[in-house]
Amino acid sequence: MAPAVLTAIPNRMSLRSLKWSLLLLSLLSFLVIWYLSLPHYNVIERVNWMYFYEYEPIYRQDFQFTLREHSNCSQQNPFLVILVTSRPSDVKARQAIRVTWGEKKTWWGHEVLTFFLLGQEAEREDKVLALSLEDEHALYGDIIRQDFLDTYNNLTLKTIMAFRWVIEFCPNAKYVMKTDTDVFINTGNLVKYLLNLNHSEKFFTGYPLIENYSYRGFFHKNHISYQEYPFKVFPPYCSGLGYIMSGDLVPKIYEMMGHVKPIKFEDVYVGICLNLLKVDIHIPEDTNLFFLFRIHLDVCQLRRVIAAHGFSSKEIITFWQVMLRNTTCHY
């Protein structure tokens with residue numbers, strides 16, 4: 001009996017090896033076929049930003065506002081307006097911001113307003129969810145929504161909506177910031193930073209990304225096609241985690257948006273518009289003001305930052321409470 005058992009074991013191992021070999025061969029064949037089926041484009045090394053420009057404003061978006069803020073911002077002169085991109089389902093994230101960095105409306109006598117940017121639910125809306133969003137807006141009055149689909153690829157439409165809203169309904173804002181729900185904002189630090197600026201016109205800053213390469217790989221979220229963006233390098237731009245601009249730039253950028261076809265990445269899109277307008281990005285001297293990647297921050301670091309990306313709603317609440325403690329920092 002022993003020889004039979006010994007013979008069976010190698011046979012099973014051989015069968016298993018054969019299965020793995022066939023699987024790997026199939027995968028390799030699929031990748032080869034997929035690669036050969038792709039249209040091949042020559043990546044353009046030298047960037048010509050006029051490639052994106054149309055003389056007539058044929059890209060002006062005409063989506064309708066279906067929800068708007070309760071406060072009459074057009075009759076106010078806010079020092080800073082913070083516009084936060086959000087999904088309809090991000091109820092907890094919006095509430096976390098309302099009770100932390102977006103709660104206080106006045107900093108050292110300067111008015112700061114926070115609003116949320118949404119599109120329509122991409123899938124068929126559950127009636128309970130739709131009603132809860134309407135109720136949420138009725139309660140807080142801080143939701144701005146247009147009738148385009150709320151999807152990742154439509155983030156640029158949200159940004160265009162933000163610029164249009166400022167022009168039409170809040171034109172007196174001295175500064176405007178666009179950010180996301182997973183970003184921790186040290187609002188007090190942000191206001192101090194803006195108050196200490198030497199100039200307040202044609203100002204644009206954030207986490208600068210210079211000589212950032214366009215990605216053509218498998219990861220869909222970061223991929224951009226050659227048809228949409230044929231150049232190897234993106235323009236200088238600020239990460240969408242949080243960029244800040246002076247109020248005078250908002251109508252200039254929005255006007256340019258009507259001449260530039262939207263692309264997948266809203267922050268890159270704004271960067272293209274800035275380059276066409278010949279507006280330089282202000283690079284902060286302190287490199288610890290904006291954090292693009294998720295990092296561990298202690299209470300003293302939190303007090304120094306302006307914006308840090310990659311946090312849950314629960315973490316934002318916890319970090320805000322920690323930051324407000326009477327802890328002495330020696331650096």
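Cβ from N, Cα, C; glycine included.
Going by Swiss-Prot, these are the annotated features:
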CARBOHYD  Asn72  N-linked glycosylation site
CARBOHYD  Asn154  N-linked glycosylation site
CARBOHYD  Asn198  N-linked glycosylation site
CARBOHYD  Asn212  N-linked glycosylation site
CARBOHYD  Asn326  N-linked glycosylation site
TOPO_DOM  1-20  topological domain 'Cytoplasmic'
TOPO_DOM  44-331  topological domain 'Lumenal'
TRANSMEM  21-43  transmembrane segment
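Positions of the features from Swiss-Prot, shown on the structure.
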{"residue": "Asn72", "record": "N-linked glycosylation site", "Cβ contacts under 8 Å, 6 or more apart": "none"}
{"residue": "Asn154", "record": "N-linked glycosylation site", "Cβ contacts under 8 Å, 6 or more apart": "Gly119, Phe148"}
{"residue": "Asn198", "record": "N-linked glycosylation site", "Cβ contacts under 8 Å, 6 or more apart": "none"}
{"residue": "Asn212", "record": "N-linked glycosylation site", "Cβ contacts under 8 Å, 6 or more apart": "Val233, Phe234, Tyr237"}
{"residue": "Asn326", "record": "N-linked glycosylation site", "Cβ contacts under 8 Å, 6 or more apart": "none"}
Assigned conformation of Asn72 (N-linked glycosylation site) - DSSP reduced to three states: coil
